[in-house]
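Student: Sending over a structure as structure tokens; questions will come in a sec.
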Amino acid sequence: MNQSLTALDLFEQQHERLHLRWLAGQQGQSRVLESVETNARRPSLAGYLNIIYPNKVQILGTEELHWLDGLDSRLRWETIERVIQYRPLALVISKNQPCPEDLRRAAEETQTPLWTSPKRGHELLNHLQYHLARALAPRVTLHGVFMEVYSIGVLITGESGSGKSELALELITRGHRLVADDAPEFTQIAPDVLDGTCPDLLQDLLELRGLGVLNIRQMFGDTAVKRNKYLRLIVHLSRPNAEPQLHEDGMVRLTGDLGLRRVLDLDVPMITLPVMPGRNLAVLTEAATRTHILRAKGIDPAAAFLARHSHFLESGEESTAP
């Protein structure tokens, strides 16, 4: 799903940090910038004034304003018209420099947001590029409880009533941290990074059947919750069939029930834990997380066992050979 951002959204989110101030074009505050994933020639989100490959947010620094000022009146007006015809989300003048009257008039007539800031051009560029990239990054909301377990992000999923929240509460009592319950939101901020956060409405809250809504921060302190975490592992709670598993895959017994789940453009490692009476799911989740960390370091107990087993069989064959 493509994300969108209006000029007013950007102004309200950044005016305190960048000390933005309106100069003209305030009627264009509803102008929308959308992420376009399929357009290979999509413009840069933010950059210095460029009339050939226009940026969606055009920054006018000292050099750009000096260049505009050096043009004759006709060419300057044509250049400004060309900048505005591409419908940038906003124009931003750095260091609170005087705004050319032609630019102010054109912005007002075309309802193009025109702002000024005391920040230097490179500060505006770095900050706006980062903010816009995150604001327009693809995102998705998944059902589950998102936790930090042994310093990595673990999403606990499963059917309703499978015990996700109870497991999360037990993990919290064991020193792990809650990020989001029920509806964590994941944003792909880099080709291989999914950043998980909690909606403001659900911040610090965990809902359990019979107890209702718990405020984890108030119950366990600030260290029991975390604002965000990168998703590295999914632990799926599964209710096995009532019939016993007579033909269980032998490799699953060795390696665990491992798989992948597609989240946006990434395949996230997933391990499935059967939910049965008497099983300590908190300990199993901790063990699954530790095993995932070891595999990331190249340590695979199942592979080591199979190699040891093969060596044992080969040694046995040699000892029995005539």
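Every residue gets a Cβ built from N, Cα and C, even glycine.
Not my notes, these are from TrEMBL:
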ACT_SITE  Asp182  active site, proton acceptor
BINDING   Gly158, Glu159, Ser160, Gly161, Ser162, Gly163, Lys164, Ser165  ATP binding site
BINDING   Ser165, Glu207  Mg(2+) binding site
DOMAIN    9-132  domain 'HPr(Ser) kinase/phosphorylase N-terminal'
DOMAIN    135-308  domain 'HPr kinase/phosphorylase C-terminal'
REGION    274-279  region 'Important for the catalytic mechanism of dephosphorylation'
Student: What's the CA-CA gap between Ser165 (ATP binding site) and the residue listed as 'active site, proton acceptor' in angstrom, rounded?
Tutor: 9
Student: Under DSSP, is Ser160 (ATP binding site) part of a helix or a strand, or is it coil?
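Tutor: It is coil.
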Student: With the ATP site defined by Gly158, Glu159, Ser160, Gly161, Ser162, Gly163, Lys164, Ser165, which remaining residues of that chain have Cβ atoms positioned within 8 Å of the Cβ centroid?
Tutor: Leu237
Student: How big is the Cα-to-Cα gap, in Å, between Lys164 (ATP binding site) and Asp182 (active site, proton acceptor)?
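Tutor: Roughly 9 Å, rounded to the nearest whole number.
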Student: Quick check on the domain 'HPr(Ser) kinase/phosphorylase N-terminal' (9-132): DSSP residue counts for helix, strand, coil, in that order please.
Tutor: 59 helix, 21 strand, 44 coil
Student: Report the same-chain neighbours of Gly161 (ATP binding site): residues 6+ apart in sequence with Cβ closer than 8 Å to its Cβ, ordered by sequence.
Tutor: Arg209
Student: Reduce the DSSP letter at the residue listed as 'active site, proton acceptor' to three states and note it down.
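Tutor: The three-state answer is strand.
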Student: Sort out for me which one of Asp182, Glu207 has the most neighbouring CB atoms within 10 A, since those are the recorded positions we care about.
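Tutor: Per the Cβ count, the most surrounded site is Asp182.
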Student: So which one is it: of the binding-site residues Ser160, Ser162, Ser165, which has the fewest other Cβ atoms within 10 Å?
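Tutor: Lowest Cβ count within 10 Å among the binding-site residues (Ser160, Ser162, Ser165) is Ser160.
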Student: Show which residues of the chain containing Gly163 (ATP binding site), separated from it by at least 6 in sequence, have their CB under 8 Å from its CB.
Tutor: Leu237, Val275, Leu281
Student: So what's the average pLDDT for the region 'Important for the catalytic mechanism of dephosphorylation' (274-279)?
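Tutor: Looking only at the region 'Important for the catalytic mechanism of dephosphorylation' (274-279), pLDDT averages out to 86.
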Student: Looking at the binding-site residues Glu159, Ser160, Ser162, Glu207, whose Cα is closest in space to that of Asp182 (active site, proton acceptor)?
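Tutor: The answer is Glu207.
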